[in-house]
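Annotated features in TrEMBL:
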- 215-231: compositional bias 'Acidic residues' (COMPBIAS)
- 7-200: domain 'Leucine-rich repeat and WD repeat-containing protein 1 LRR' (DOMAIN)
- 287-675: domain 'Leucine-rich repeat and WD repeat-containing protein 1 WD' (DOMAIN)
- 215-240: region 'Disordered' (REGION)
- 255-288: region 'Disordered' (REGION)
- 410-444: repeat 'WD' (REPEAT)
Amino acid sequence: MSKITTELLLERAVPRSTRLRKIETLNLSKLQLKTGDLDPRLFSRLRHLQKLDLSDNLLDKFPNSLTLPDLRVLNCNNNKLEDVTALKQFPLLEELTYENNVYLTLNDDYKVMFLLQNLRLLNGKDITKLANHVRRVNSRKLTSKVTAHWEKFFRDQLPEKHTAEQAKSIKKKFLKSVQTNVVYGPSSLSEFTRWRVKMIAEEFLAYSLGLELNSDTEPEEKTDENEEESTESPREAAEDVAQVVHIYDPLVTVTPSKRKRNNSKSSPGNKRSKSQANTEEEAEDVSAEPLHFLQCHSKGNSREDFKTQLWSCVFEPVLDSGARKDPIVSSSRTVATCGGESVCLIDCETGTVLKKYKVATEEFFSVAWTTLTMVISDSRKKAHNILAAAGRRGIVKLIHVAADFCYGEIKAHKKPIATVCFSPAQETHLFTASYDKRIALWDIGIPDCDYNFKASQLLVLEAASIPLRIALVPTCPEQYLLAGCEDGCFAWNIKLDKGQKSRPFEAIFQFPDDESMTTSHRVDGLAFLNDDVVVSKSSKPGCIYLWSWSRSFDAKGKGCQRTMSAVILAELEWSTTDMSYLTLSTCPAKEYVFCGDEKGSVWMYNLSNYTTAWGSPKGKRSERRISPTQILKWPELRVNGEQPPEILVNNVVADPAFTYLVVLTSVNITAIWKKS
């Protein structure tokens, strides 16, 4: 027998009532109620009920036909709810709370935001702006992706005159495929995305093709076709992502022998890379497999664009909340890449372009991440990842990725910006290195809940030539900065307690050049391998230097613009090309150095056997050049039956755990490798 009776409802009304139809507020908390106790026939008599408290009960779901047409406020805290979709029967609901329902997740929050068009408060938070984004922007982006998926993979499979059985079959295949392959937003919302994708796909099939629509599917929110969106705003995110060409598969064939080398079944003791250069000693094979080859920075989304240069990529930091953290790997698998007029966010595992930001008049050269603790609308603080992107226009774009919003820009320089980086010690401090031969330090501030922010210039470092690469010294990131420039390698004192806002360089480093030492050479690659070891190129062709910061820089010396000899620890054997701007990177946690070459190959150096010796006070220089541990050869790709033109590797970056390797090329192809 049900615990709920007419007498109980009248008694628990606030204030008490004599008739069910007069009750506007009802408190049914702490009654040990289960789903079966909510009798639809009895509740249908509560025609004017506006506020209902069902907190502290044992409800696992809502019956589908409670019929409360005027319900505005619902409290379901401390229950055992597993699903929220039945709440769509309360279309006038404005306030909803369901905290401490352990089975509900962020995905359920997004579901109710979409289903309840009048919802303003969810668990005490004002969700008006976010809900509008979910109903409008999110729906529009997913609709675009679903439509593109049909056009690309399924349209030609359905005959113009088809039978009911053919329609049923193609519908089943399409629904399965679209839920698997259409991805949008962070991985933490994948369940919501699949739910919406299925809903949109069924609507598409029903309204566009006349295929049967499931009766329990909720219609999609109609979007305002005239809603304005800035061409420079990330809110264009996925409008053109459907044009991304996954070159690796199925449009491209990779020569089987090229892949077989990484699947060798030989014993570990005999395992050797067949792609590495001829070296004096054999080295291990890291067994990296090509996952994806993407063409996602095309100008005008042209599949014929093999001219756009790709320049910079950085993996997204993992937030403490784990919003973008994949449980399988220990670091983020989301990478930001830039080149041409666009910046892309790519899921390395799936090869999905999660977001794409475009500025039609820009050519992006560099991207950098920082994590800011921002105050959200209810005065609580929360960490969010912010992406800075800059390039030819000398302007820094600031993008709040989770909100899909470019919230501001800094007009940093009058000439192009070659590279940017954030300070690891001060999350709002951004360095911009420009073709105006200056490196500027900015405080980008922290945006408030309305994205108001104030940026200020803190410092200007004067360089003798164009700075190409910059790196903060790990042991003192608030005091010294290194820069590889067109005419040498320089160091500056960046400590802010010094009164001088504009500063000349404090030191220039000499490197071996044939039989002598020289300061005059282009340094187009610069990174720290650990707290002390610097990796730089190119003093001379075919060579990458490793040198000690602490033993090279004399901090006790007086005066500026001093010449110091770099204390060389080792030389890495590299390509003999004289091609410039093929930069290098490091993976400090795994003690690896990576550098691409003029043939599309990636040279990898595992230096874990050397770093201990280099770190000792009397560490000696390695007498002979260190050969690469392995060289990953560029596969024989064919796009539309043809091989791409000459491929230069402009940049190659591994995630902190060295799970993925992202390779950026001169031919608008992003290659993603995964370590086996």
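Using the three backbone atoms N, Cα and C, a Cβ is placed for every residue, glycine included.
A quick note: this is a predicted structure, and the numbers were derived from the prediction, not measured.
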Same chain, outside the repeat 'WD' (410-444) by at least 6, Cβ under 8 Å from its Cβ: which residues?
312, 365-373, 386, 388, 390-396, 398, 453, 455-472, 474, 477-478, 481, 483, 492, 494
Secondary structure composition of the repeat 'WD' (410-444) [DSSP: H/G/I, E/B, coil]:
0 helix, 20 strand, 15 coil
Check the repeat 'WD' (410-444) for me and report the mean pLDDT.
96
